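If you check Swiss-Prot, you get these features:
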BINDING   D445, D451, E454, E455  Mg(2+) binding site
DOMAIN    38-150  domain 'tRNA-binding'
DOMAIN    394-467  domain 'B5'
Amino acid sequence: MIYSLKHLNKYLPEIKLDQSVTKALESLGFEVEFFEKFSSSKGLLFAKVLNVFDNPNSTKLQVVELDTKLGELTIQTTNKVLSKGDLTICYPVGSSYQGKEFQEVTMQGYKSQGMLASFSEIGYDNSLLTDKDQILVLPKNFASLNDDASEKLELNDYIFELSITTNRNEINSYYFLAKELAAYYNTKFSCEFLDAKLKQSFESSFKFEGNFLDKNYSFTLLEAKGKVSTSFEEKLLLAKHKIDSKFNPAVNLTNLVLINLGIPIHVYDKAKLKSTKFSVGLYNGKVNLLGNKQVEVSDALAVFNGDKVVSLAATMGLEESKVDLQTSEFIFEMASFPSKLIRNNAKEIKMNSNASNLASKTITKYQVKLAHKFLFNYLKDLKLSNVVNDFELDKKVEINFDEEKLQRYSNGLPSSEFIKAFDKLKLLEFEFENQKIKVPLYRYDVSIFEDIIEELFRFYNYDNFKEIPYIQIPGELKADNKNFKEKLKALGYSEARTFTLVNEKDSKFDPLDLSDAIKLETFVSKEREFVRNSLAISLAEAVNNNKKKKINNVNLFEVGMVNANLFYACLATTDKSFLELKQDFVSFFDNLNLEFKKPKNQFLHPNYSAEIYLNDQKLGWIGKINPSFLDLDCLFVEFKYDLYFDDKFKKYEAPNLDVLKSIDLTFELNNNEHLQKYLDKINSVAKVFEIKEIDDFKKETSHNVSLRITAPSAEIDKLNSHFNKD
């Protein structure tokens, strides 16, 4: 989700957030995808129109005389929308936008001291705010001329995106992210709607029927009569989220709930509903989605009014029941549905909406209750009904405290060491009493004490743990592990540590031909559910993370466990060529008769990879991942770790001091024939130092490949007598 730093800061009134918040977010376990200024606008001013007249020397230009805090200015424009007394915005001489500095110019006999601006010329997408891209005319009481335009229009904002794990879906909202930061900074969390109460004016005639949803889900309605309004600032916030605000303000309200609380809600035009009965169930047939897009769905979770479908649950509304600019009586639906069925809805209509993106993961009943309060506060000046089909929240889940387990995971630290972390968790609605821990109702992912430990460690900060020497003894190996790593570091590789567990998709990556991935019975999240079949898929994730941080030249290595308790080593590089990577690998095993064969494994790039064999036993692979599985411009070599340590491979041979010679051999290959059998033949005849391809002459049905073989004189004689017979 994308966030506005200024709006997030409104929940934390006693501190000022800045770019350093990225460190806090990453410390809390949230990966920052990007963090950037919202607008490049500099020096923008509010301006009052003093006079407007057409340039007598031009049929297109209009001269606008303005009053600003810098004094009076004259600016010419072709966009003739301003009148005397209007409040607008302008770039004076010396200000800039997108790196362009504005200068004073003379046009058709009149000076122009800057530029008047529209939404699109200060950083916003005008199509989300207005029907026409024209000079901005503001309400006359919106600002004074002395106000900071960048502050008032929230241009001096930062926009950032977080990558959220599937088990923390609630963080896709300002409310819950702000709570995390309030605990992290130990500062006040402020929320104007949190104490809102329902001011009921009438009893709704609508009812919810049916038992399709079990007790883990909810479906509630709130009826409202009157005019809903959206503030200018709220429209700007929605625009930052790429959300159109040119609809009935009631629709804008549903989107404000979406981004603030992370829960999709829906609104219906009461006048278009033919029944007082609502229900939920599966639907098969055609529906007319918002935007007049007709689709046919199968087993889609739908909301019914009587026997008529009025929306696809938490996915998209329908044209027949939508609110328009004339609607004055509204039915707001606030609900939580089975996420699996919402994912099916998105699949059926072949698109993901903002609503389905959130509801395809768990939405808690606690969030539904928060949505009630948000509406109670926002609609307090309207006539409101009772909440139809309201419910009581369940009791908090209780987990037994386990001191011994905490010390085991923290390397002997007592619970007293985590006092500050306990206090921070209390700010997040965790309760600690009588060796029991009560879990907040929105934390559906916390169910065992190990989850509590993870929360404690997050707020204790992993940097506070003292580093302990890491000793890894793979199996029965007792050779010099440190020497192996030092050699790789000398070759320019940095050691990486990745998770042994991966998600279901990545677990299918099996270039080593091991076996079906092992699925854990209990797991922290869907991202860490299976034991990996390859180190390369984990290093690929590390490479991608580096690329997101604009680190494009990466050389990594890892030694670790894969499926079946096997230890492998893997090198990953975006900086070296295939031959350079191969040479780095071969440099460890100079005395081995390794073979590089065309890959048969479906996960390897067929034209840019090879499988590594020794005595007909597959030891690993080198090259790229098949782009049909993962499109990543990165080379890998992955091999059995014990290959480096096995003494039978450590044979010493006295160096041959003879001067090396070379011979050129040419072989004719059919167009679909591989070169490997000729390489095998050369290696069986003589012990060569190097083989290089120097030419490849194409013919209609075949091609001639010329190889240059370098070897000691005696070996060259063997090749000459074998291949160059009269």
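The backbone N, Cα and C atoms fix where each Cβ goes, and this holds for glycine too.
Note on the domain 'B5' (394-467): DSSP counts are 35 helix, 9 strand, 30 coil. Around the Cβ of D451 (Mg(2+) binding site), the number of neighbouring Cβ atoms within 10 Å comes to 17. Averaged across the domain 'tRNA-binding' (38-150), the predicted model reaches a pLDDT of 95. Cβ-based neighbour count (10 Å, all protein chains) for D445 (Mg(2+) binding site) stands at 17.
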